[in-house]
Amino acid sequence: MEVEEGSSHASVIDNPADIAVIAGYFLLVIGVGLWSMCRTNRGTVGGYFLAGRNMGWFPVGASLFASNIGSGHFVGLAGTGAASGLAVAGFEWNALFVVLLLGWLFVPVYLTAGVITMPQYLRKRFGGKRIRLYLSILSLFLYIFTKISVDMFSGAVFIQQALGWNIYASVIALLIITMIYTVTGEDGERKQKRRDWKAMGLTAWLSGRSPGLGVRGGLAALMYTDTVQTFVILAGAFVLMGYDEVACVVPEVCERVCGTEVGCSNIAYPRLVVKLMPNGLRGLMLAVMLAALMSSLASIFNSSSTLFTMDIYTRLRPGAGDRELLLVGRVWVLFIVGVSVAWLPVVQAAQGGQLFDYIQAISSYLAPPVSAVFVLALFVPRVNEPGAFWGL
């Protein structure tokens, strides 16, 4: 594979059509964030963390859809598909059935129990405090090392290929805009749902699908759209398998092309977009990638701050008021962002440079015991607190 010195860092988005689309998208996001800051009714814990408990079914469903298709899927699935084939899609296909079970079986139980977070449900089911604390810490660990850092890295790879920016400069720019929209504003959860609704519509329109499928066909149709998107991502990866674009053997060449010596499969999907799509549409696709990245990051920021504030900090300071809890939630977001940025070099080099393999390698070790405890808690009354804790 022959690569000209510096070619991997040249800007591809250098025409007025692409620049106008991207600039318009960022201005729209910042404008919505500033508009939300001027709104009232933004100072309660229920409003910030739970959208006041009054969101309708469609924004919640749209948020589920949008938050589950992040930049890690576009970059990671395509990269692993280009490196090793279709087998990696099995993780996403299995999730179809799990999400249906969540919606039809588990969620009604959680709503009836009146819980805010999943560790709270186990606290009500088993009693005691150690299970809830363990799961809260485990969830925060997974958020930082398999979600936030991964999404930041995959989004930065896309920006790097499209604009030629340094990967850390890309991360910082995206974080600034995402945090303006997430940390400051009316209420984290309601704002997230509104943004996810819009992002879902843009993604579906660009891929030639109608969001109405999710309304007419119910949750199954919505998840079908998610599954089909996996085929679209992997199809792009297979196109690139026939070209000298993402394969490299010599570490120095890999370093020059994609910034890491272990391999360049992660650039498969970004390379496909920036090389084959026409002007204007290429900028729109980059805007969609940014929408997916920001949607996923904002969702995780809100979820992790809720988890830390409601499950951990309230144990340290039981008498904390709403203002203090809101401040702690926002400071926590800043903390996890810093840790995630520091973890980026590990994400970049782990699992031979295959991003999706890194995600699943960690999750596959930690998730099965948690899943087993929740299933047994729901269906086996004999399971008690000591058994559940030591099973975890």
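Glycine is treated like the rest: Cβ placed from N, Cα and C.
Quick look at what TrEMBL lists:
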TRANSMEM  19-37  transmembrane segment
TRANSMEM  57-75  transmembrane segment
TRANSMEM  95-121  transmembrane segment
TRANSMEM  133-159  transmembrane segment
TRANSMEM  165-184  transmembrane segment
TRANSMEM  219-243  transmembrane segment
TRANSMEM  284-304  transmembrane segment
TRANSMEM  325-346  transmembrane segment
TRANSMEM  358-380  transmembrane segment
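For the transmembrane segment (133-159), the residues of the chain that approach it from at least six positions outside its boundaries are 70-72, 74-76, 117-119, 122, 165, 167-168, 170-171, 173-175, 258, 266-267, 269-270, 273, 286, 289-290, 293, 296-297, 300-301, 303-304, 307-308, 311-312, 315, 336-337, 339-341, 343-344, 346-348, 355, 358-359, 362-363, 366, 370, 389, 392, judged by C-beta separation under 8 angstroms. Non-local neighbours of the transmembrane segment (358-380) in the same chain are 72, 76, 91, 105-106, 109, 118, 121-122, 125-126, 131, 135, 138, 142, 145-146, 150, 347, 350-351, 388, 391-392; each lies 6+ residues outside the stretch with a CB under 8 Å from one of its CB atoms.
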